[in-house]
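S.K.: Please read through the structure below; I'll follow up with questions.
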Amino acid sequence: MALGNCTTPTTFILSGLTDNPRLQMPLFMVFLAIYTITLLANLGLIALISVDFHLQTPMYIFLQNLSFTDAAYSTVITPKMLATFLEERRTISYVGCILQYFSFVLLTSSECLLLAVMAYDRYVAICKPLLYPAIMTKAVCWRLVEGLYSLAFLNSLVHTSGLLKLSFCSSNVVNHFFCDNSPLFQISSSSTTLNELLVFIFGSWFAMSSIITTPISYVFIILTVVRIRSKDGKYKAFSTCTSHLMAVSLFHGTVIFMYLRPVKLFSLDTDKIASLFYTVVIPMLNPLIYSWRNKEVKDALRRVIATNVWIH
């Protein structure tokens, strides 16, 4: 971990979102509220799916894992970001930075693959309804979940191993509110060409796995739905897909902007805003998107509330 007289720093300094002291406390309160809503919404959805047997279906198994990923995602990033609003010296240990980066890549990759699997699930449910119970069994669903987490883990391991080989001799100030690759590459004393290539190749594969799977699935879904004669049937089929399309668009639109482009094409301040959206805001929006117009989730919530009221 040394290069000549250069030794790896024991800590990094995070620049945070802003240096304006007047904005520190208002931003702290805003993002604390967002983080609280994120945890309550995602953990609440996980609990609801767990206790209501009507939601023990493949679609909700994947949604439960998406909620877990979003809650973990937000927890990896937000608490440290909140601390930067309150601390004068915004430090994170070298080990803490590496662990944060590893967790961040793991969860980002997991979400990409989860969205792809959810698109395939909707395709089978709508285009092959009679075969759906046989194809998407609980065992198959959990194997898919285990497989995507394993792939995400390997992806994160590759990127983190590359990061561990970099030296940071000239600066330890990370111009960001968390340890992401772009600001770390900016202050590296070593060549980051291989790292940037790995980010592009692996990032493209994980993003495209979802970006390609989703449109292909929805082409077949649309072709199937237009043949449905009843308006109620068409509405029910499309209503289960709308939430997924919104989640995919929000997540991948930001990720493509962030990672599938040359690192120096935009300023780090622009990256901060984009990062803020998909690491803090999207994890809050996802459970709301999937629950807002979802009759099954609303009915399950009513049953749970009614049961608790009756018991008490």
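Using N, Cα and C of the backbone, Cβ positions are placed for all residues, glycine too.
Pulled these from Swiss-Prot:
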{"type": "DISULFID", "residues": "Cys97-Cys179", "note": "disulfide bond"}
{"type": "CARBOHYD", "residues": "Asn5", "note": "N-linked glycosylation site"}
{"type": "TOPO_DOM", "residues": "1-26", "note": "topological domain 'Extracellular'"}
{"type": "TOPO_DOM", "residues": "50-57", "note": "topological domain 'Cytoplasmic'"}
{"type": "TOPO_DOM", "residues": "80-100", "note": "topological domain 'Extracellular'"}
{"type": "TOPO_DOM", "residues": "121-139", "note": "topological domain 'Cytoplasmic'"}
{"type": "TOPO_DOM", "residues": "165-205", "note": "topological domain 'Extracellular'"}
{"type": "TOPO_DOM", "residues": "227-239", "note": "topological domain 'Cytoplasmic'"}
{"type": "TOPO_DOM", "residues": "261-271", "note": "topological domain 'Extracellular'"}
{"type": "TOPO_DOM", "residues": "293-312", "note": "topological domain 'Cytoplasmic'"}
{"type": "TRANSMEM", "residues": "27-49", "note": "transmembrane segment"}
{"type": "TRANSMEM", "residues": "58-79", "note": "transmembrane segment"}
{"type": "TRANSMEM", "residues": "101-120", "note": "transmembrane segment"}
{"type": "TRANSMEM", "residues": "140-164", "note": "transmembrane segment"}
{"type": "TRANSMEM", "residues": "206-226", "note": "transmembrane segment"}
{"type": "TRANSMEM", "residues": "240-260", "note": "transmembrane segment"}
{"type": "TRANSMEM", "residues": "272-292", "note": "transmembrane segment"}
S.K.: Which residues of the chain, 6 or more past the ends of the transmembrane segment (27-49), have a CB below 8 A from one of its CBs?
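M.R.: Contacts with the transmembrane segment (27-49): 17-18, 55-56, 60-61, 63-64, 67-68, 70-71, 74-75, 78-79, 81-82, 85-86, 280-281, 283-284, 286-288, 290-291, 297, 300-301, 304.
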S.K.: Ranked by the number of other Cβ atoms within 10 Å of their own Cβ, which of the disulfide-bonded residues Cys97, Cys179 ranks first?
M.R.: Cys179
S.K.: Considering only Cβ pairs within less than 8 angstroms, which of the stretches 58-79, 101-120, 140-164 has the most against the transmembrane segment (206-226)?
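M.R.: Between the stretches 58-79, 101-120, 140-164, 101-120 has the largest tally.
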S.K.: Counting Cβ pairs under 8 Å to the transmembrane segment (272-292), which of 58-79, 101-120, 140-164 comes out on top?
M.R.: 58-79
S.K.: Near the topological domain 'Cytoplasmic' (50-57), which same-chain residues lie under 8 Å Cβ to Cβ, leaving out any that are not at least 6 residues past its ends?
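M.R.: Those are 64, 138, 296-297, 299-300, 303-304, in sequence order.
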S.K.: On the 0 to 100 scale, where does the mean pLDDT of the topological domain 'Extracellular' (80-100) fall?
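M.R.: That region's mean pLDDT is 91.
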S.K.: Cβ under 8 Å to the topological domain 'Cytoplasmic' (227-239), counting only same-chain residues 6 or more beyond its ends: which ones?
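M.R.: Long-range Cβ neighbours of the topological domain 'Cytoplasmic' (227-239): 126, 221, 293.
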S.K.: Are there residues at least 6 beyond the ends of the topological domain 'Extracellular' (80-100) whose Cβ is under 8 Å from a Cβ of it, and what are they?
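M.R.: Same-chain contacts beyond the flanks: 8-17, 24-25, 27-28, 31-32, 35, 160, 163-164, 174, 177-179, 184, 280.
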S.K.: For the topological domain 'Cytoplasmic' (121-139), find every same-chain residue at least 6 residues outside the stretch whose CB is under 8 Å from a CB in it, and list them.
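M.R.: Distant contacts of the topological domain 'Cytoplasmic' (121-139): 56, 58-59, 61-62, 217-218, 220-221, 224-225, 237, 240-241, 244.
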S.K.: How many helix, strand and coil residues does the topological domain 'Cytoplasmic' (227-239) contain under DSSP?
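M.R.: The composition, in the requested order, is 9 helix, 0 strand, 4 coil.
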S.K.: Per DSSP, what is the residue count of the topological domain 'Extracellular' (165-205) in each of helix, strand and coil?
M.R.: 19 helix, 2 strand, 20 coil
S.K.: According to DSSP, does Cys97 (disulfide bond) fall in a helix, a strand, or coil?
M.R.: helix
